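Chemist: So TrEMBL lists these for the protein:
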DOMAIN    C:34-186  domain 'Sodium/calcium exchanger membrane region'
DOMAIN    C:217-358  domain 'Sodium/calcium exchanger membrane region'
TRANSMEM  C:34-53  transmembrane segment
TRANSMEM  C:65-86  transmembrane segment
TRANSMEM  C:98-117  transmembrane segment
TRANSMEM  C:129-151  transmembrane segment
TRANSMEM  C:163-184  transmembrane segment
TRANSMEM  C:216-235  transmembrane segment
TRANSMEM  C:241-261  transmembrane segment
TRANSMEM  C:282-306  transmembrane segment
TRANSMEM  C:318-334  transmembrane segment
TRANSMEM  C:341-360  transmembrane segment
């Protein structure tokens, strides 16, 4: 166990070297592809440290404020990356990152967790009631993306302003629902999530006794700065780099960027699944998707409205199909509160099929 | 309890004043908006009395004939309203009312019932087997609307006559299924629905000992006449009124009219949910939706065919999306046989998102 | 029991007479319609004997190799029929047969099994865990058809070559998943399927003690030859016959051909359901659908690629809707591990609605 931990830390430390490399590549003009790759690799350890710092601070400030902190900044890397892209007017990249984060967390992270956990344990169980509430929340998220897209496709010409007004109104509903979900899971029905919380506390205690609050806040601020900087390098080099690598911007946004932003969460979800803590593993994977769908995406819609960028919930229909399909199969697999290696394989196979479809998809409509 | 009952009766009695007001408005030409609003408010108490009279007669004639009566005339208000609109050729309004009744019963009524019930009881249970059968029936209803619409959208030009023939054939299948469902729930598998029926009998006995059959049949006939009259005022003033109020006919048909027609059922479902009788509460909400989808809608298709009106099951695709989405989230939430306040909130949030989408939807395609 | 068996054999033997009749019709030029009908009827007993021979051989060679044999050749009739049509370039007929086999097995076969079983037993139970895994597998199959179709519909012009490359890649993923599913159901989690296998062994022993391996292999080869021959007669007369019978090729491919190819399986699934062996009954119906979706369809895509035929997974959108709808309602009904006659009726009603929609569907886009 400690060997794995050491290895994980070691890998993250080594990846830090890409921070100076990416900055050097930008200013010495080594080319967009090299800037893109080095900045992408540099974000991985920064995202991990950001997550760790948030958790450490959460332990000190207590479960309520800490839970809120985790719930708000748990996907800070994706949020910063998306805000930078939004500010540059790369609406398509922002939407693709949202799509990819949801799809990647549900299929890739949960798939590996169920597969690797299932290879060790014949059958793994988790709270089906919490899974049921999460399934309904994910369905609401799909509906919230589906309806504005459907409004556009079923009307003969709609003004962008109307679509953005609708999206802002829907975003407010989603943020309210997210807030009520926190109230539900932390206060009124916390017992449904007890298993997960207990396990989380335990793992927190393992790593982080005698926490130094000031230290972690300083680290959080520094790391946040690092992510902002690297996000800008990544976003600025995105278009040139992807075209020179022969990839579409859609594929990059939906498949590559989310893998970079969620690498640390992948590791956590898989590690705890292999310890048979499926509740915690699923809460990392599904919780992260819910946070993207019910908090990050609505915040970006409202931010786009404030920044004067035409950010709305009218997604590329193929992205919508991908999210709907990911939610469908995840809900189908998690509905009975049990998992096995074949179900993990099914999630990964769905991810593979979606990835192939995005790879072969010829259109970059609305991207960039 | 008796205070609430008194208040409900008092409110209904006060609303009766809108019957003469609406007729006055029509003949003294106070304007379409005033006729529309007063006729709308006048229908609320009439619908409530019609429901009460049906139930009272059902008690006297015994469970079998009574159940059939309830199952046939339970949504008589919506049926009359729709027949009047159909006769005027307002096919779009008829379809919008069907959509809105299904969506409103599943999301608004069930949502408030689960929310308000859930605020009083931490967790409420209901028969998951009956919920499962209902979920499959609702899925069939969605399929029956989806397929004719899909036939039109996947073919390059289809004659209205072909579409109507298909719709009439599908309508016959749906009415057969509805009849078999009554056989299932009242005869062969009545034990699955026992809790609900027992509770219903109880509440019936509370209100209606010493029933006078003749009295209630007279009331039913008078009230039915009132609804026909008011429906015509409502339908005739609809187009002018909505446009002067700045609303689209689609929004009015899907959101406003069903709230008027179902107001009494809302009250019943929420009241029994707050007494922790979730089986009865859901049977009112889901049962009403099923009746609309498997009985009222097919009857209207066949009536349209007889009246020479081009009424079919080819709905506005956005209405189809709304119904599908409502059924999806309802089934997702009711599948485990338990409810809590957050699940009620999710239904209401979905209703809010759908309502917003219809409000901002620019197209009135096929309406009027 | 033995009377039913005798009758079944007798009917099959009588149907053999259509083999010489169909050949006579072809060479004596009695007309395409007669060739089509006689060849169709001739395939029914051949398909049944092919299934019987496969099972007999499977008993001799042992459960592992036998299971693999059954899993590979269980739908050999459909595969041969489709390969003949594919070779003639009738891509539309191939896709329609795939659609129809999936829809027919899930709705018609399972519907009759649940209805007739449910008329005898008030409530029938089956392994809900296996049903849950099957539901997820069927969802994956829908996704695999949906995504290539969605890629085409959401892009403004895609080359057939790209679509075929995507389809071949997806086909490889599906065949891998099918292989892993066999590993799961026969090796690592065989206990989930024990009931079904035990029952299957039992029925196998009833019929097939003292098996003669050489005899059955000879029969299998002869019967396979017969199916190839008759398939060619059927495919060659298809277009002329259907148009002279007033049917569209789409309706024939989706509704008529699969009924011919699956007639024997229908009989088996219904017979065992009436003996209350629902696990076995569902494994015949769902297993056959899964085999078509995860093995036969991908093999045909790869065969089309090798034969230079533009066979891909981009289906007629209406076929996609039909498959999705069939999977939706099947999963909804089987999710709770119990069935009754109303649920069987619902499946049949859905099949009726789909059949009506195909009957009235005016377009034969991409067929032939």
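Glycine residues also receive a Cβ, built from the backbone N, Cα and C atoms like all the rest.
Unlike curated entries, TrEMBL annotations are predicted automatically.
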Chemist: Which stretch, C:34-53, C:129-151, C:163-184, C:318-334, C:341-360, tops the Cβ pairs under 8 Å count with the transmembrane segment (C:216-235)?
Modeler: C:34-53
Chemist: Are the transmembrane segment (C:98-117) and the transmembrane segment (C:241-261) close enough to be called in contact, which here means at least 3 C-beta pairs under 8 A that are separated by 6 or more residues?
Modeler: yes
Chemist: Counting a contact as 3 or more Cβ pairs under 8 Å, with residues at least 6 apart in sequence, do the transmembrane segment (C:318-334) and the transmembrane segment (C:34-53) touch?
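Modeler: Contact between the transmembrane segment (C:318-334) and the transmembrane segment (C:34-53): absent.
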Chemist: Against which stretches of its own chain does the transmembrane segment (C:241-261) lie, if we need a Cβ under 8 Å and a gap of at least six residues from its ends?
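Modeler: Those are 31-33, 35-37, 40-41, 43-44, 47, 75, 77-78, 81, 92-93, 95-97, 99-101, 103-105, 108, 234, 316, 319, 322, 355, 358-359, 361-364, 367-368, in sequence order.
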Chemist: How many of the residues that make up the domain 'Sodium/calcium exchanger membrane region' (C:217-358) does DSSP mark as helix, as strand and as coil?
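Modeler: In the domain 'Sodium/calcium exchanger membrane region' (C:217-358), the DSSP-based counts are 120 helix, 2 strand, 20 coil.
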